[in-house]
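Per Swiss-Prot, these features apply:
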| type | residues | note |
| --- | --- | --- |
| BINDING | His83, His85, His250, Asp324 | Fe(3+) binding site |
| BINDING | His83, His85, His250, Asp324 | Zn(2+) binding site |
| BINDING | Arg92, Tyr155, His188, Gln253, Ser329 | 4-imidazolone-5-propanoate binding site |
| BINDING | Tyr155, Asn326, Gly328 | N-formimidoyl-L-glutamate binding site |
Amino acid sequence: MSGTTLLIHDLEAAVSPKGSGPLRGRDLGELEVCSPASIAVSGDRIAAVGPPGEVLRDHPPGPGCETVDGRGKAALPGLVDCHTHAAFLGDRADEFELRCRGAGYEEIHASGGGILSTVRATRAGSEEELRAATERHLDWLLRHGTTTAEVKSGYGLDREAELRLLRAIRAAGDAHPVDVRPTFLGAHTVPPEFSGAAEYVEFVVAEVLPEAAPLAEAADVFVERGSFEVPEARRYLEACAGYGLALRLHADQFSERGAVPLAVELGARSADHLESTGGEGVRALGQSATAAVLLPACALFLGLPDPPARALLEAGAIVALATDFNPGSSFCSSLPVVLNLACTRLGLSPAEALCAATANAAYVLGLEGEVGRLSAGYRADILLLDAPDWRYIAYHLGGDHLAAVVKSGGLLPPG
């Protein structure tokens, strides 16, 4: 009896990053394109991708196998959003209007708005309200083809609220088709009840981290003026590493503060943002295993300089893309929009952008070999595009060409 449980047949093309592991530097954008193609799925895994005749011969559909007609469609790996703040309550529409009238993001933050505005709204919510809101935000991500997403805490900033957030993130992930990887962003900014960053970090390390660590897979810190400098970030990250958490850093968003050298020194999985990163930081990332996660929707939303994507690639860096979805500085839940911005503003090709939001984003989350490619043995997370060319996912700004989503081998219902 055949083990094939889903057969997607006669696709125009199946498109996937080449090889295994992250694609560095100029290798970003190396694709395997099979045209025409069929994909056989067994359970939650891809069994084969190849010419239709070969796939049908080697993986014939058995009793109960679901079949999908792929004619006129292209298959891509499910997108991986490796940097989101999707667990929050409230919004910051009023602040958006203030910025439209000329107020700066840092100015709003310094006056008690920004992150702290969302902290107040999030602290006031119940765990059930947070779970429901996170699931709603995951719906938005999935609608645009994201099948795996990192979700950070960081809008609680006290013991009970941070733990409540992490529990809500995990509960939302358990209930939702999108695979959720939780990150403890205990050092997002300093809440007003603390006198300074050093005092707050000691509180987090002593009172929050021991209970937060089992609920998370990674830890993150915002290294920036007005938030945390390198000494506090080092203290926090080294403590988190002691609990086995992978390390992430918000780095060089508004100014260079030494975050990139710290990320490389500590072997962090990623340094994210990098709008202000100079030549030394670019070279350091190019020689390291720390990925550069670029967030062009945030740069656009705040009117910041674009991160140095091509310089990072020329230096040999591992470049990934993400939405930075959050209510204040990047209210964007669409990775295809980010792919377009990566092409039009950062100078990436559509192939480079696709690889950065699949294989390399999977690497950031420690999921290389699991998601981000259409290859035998990988999880069967597959997007079907109804478009003349697979590049429409980046080319058509705001377009809606997603015909179907397969998640862990199951065809999801429309919408």
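Placed from the backbone N, Cα and C atoms, the Cβ positions cover glycine too.
The secondary structure of His250 (Fe(3+) binding site), as reduced to three states from DSSP, is extended strand. Ser329 (4-imidazolone-5-propanoate binding site): 26 other CB atoms within 10 A of its CB, across all protein chains. Between the alpha carbons (Cα) of His250 (Fe(3+) binding site) and Asn326 (N-formimidoyl-L-glutamate binding site) lies a span of roughly 14 Å.
Closest by Cα distance to His188 (4-imidazolone-5-propanoate binding site), from the binding-site residues His83, His85, Asp324, Asn326, Gly328, is His85. Distance noted between the C-alpha atoms of Gln253 (4-imidazolone-5-propanoate binding site) and Asp324 (Fe(3+) binding site) is 12 Å.
Among the binding-site residues His83, His85, Asp324, Asn326, the residue whose Cα lies closest in space to that of Arg92 (4-imidazolone-5-propanoate binding site) is Asn326. Here His85 (Fe(3+) binding site) is positioned 5 angstrom away from Asn326 (N-formimidoyl-L-glutamate binding site), judged by their C-alpha atoms. Distance noted between the C-alpha atoms of His85 (Fe(3+) binding site) and Ser329 (4-imidazolone-5-propanoate binding site) is 10 Å. Of all the binding-site residues listed here (Gln253, Asn326), the one with the fewest other CB atoms within 10 A of its own CB is Asn326. The N-formimidoyl-L-glutamate site is defined by Tyr155, Asn326, Gly328, and by the 8 Å test on Cβ atoms against their centroid, the other residues of the chain that qualify are His85, Phe88, Arg92, Ile115, Thr118, Gly154, Pro327, Ser329. Neighbour density for His188 (4-imidazolone-5-propanoate binding site): within 10 A of its CB lie 24 other CB atoms from the protein chains shown. DSSP classifies Gly328 (N-formimidoyl-L-glutamate binding site) as coil under the three-state reduction.
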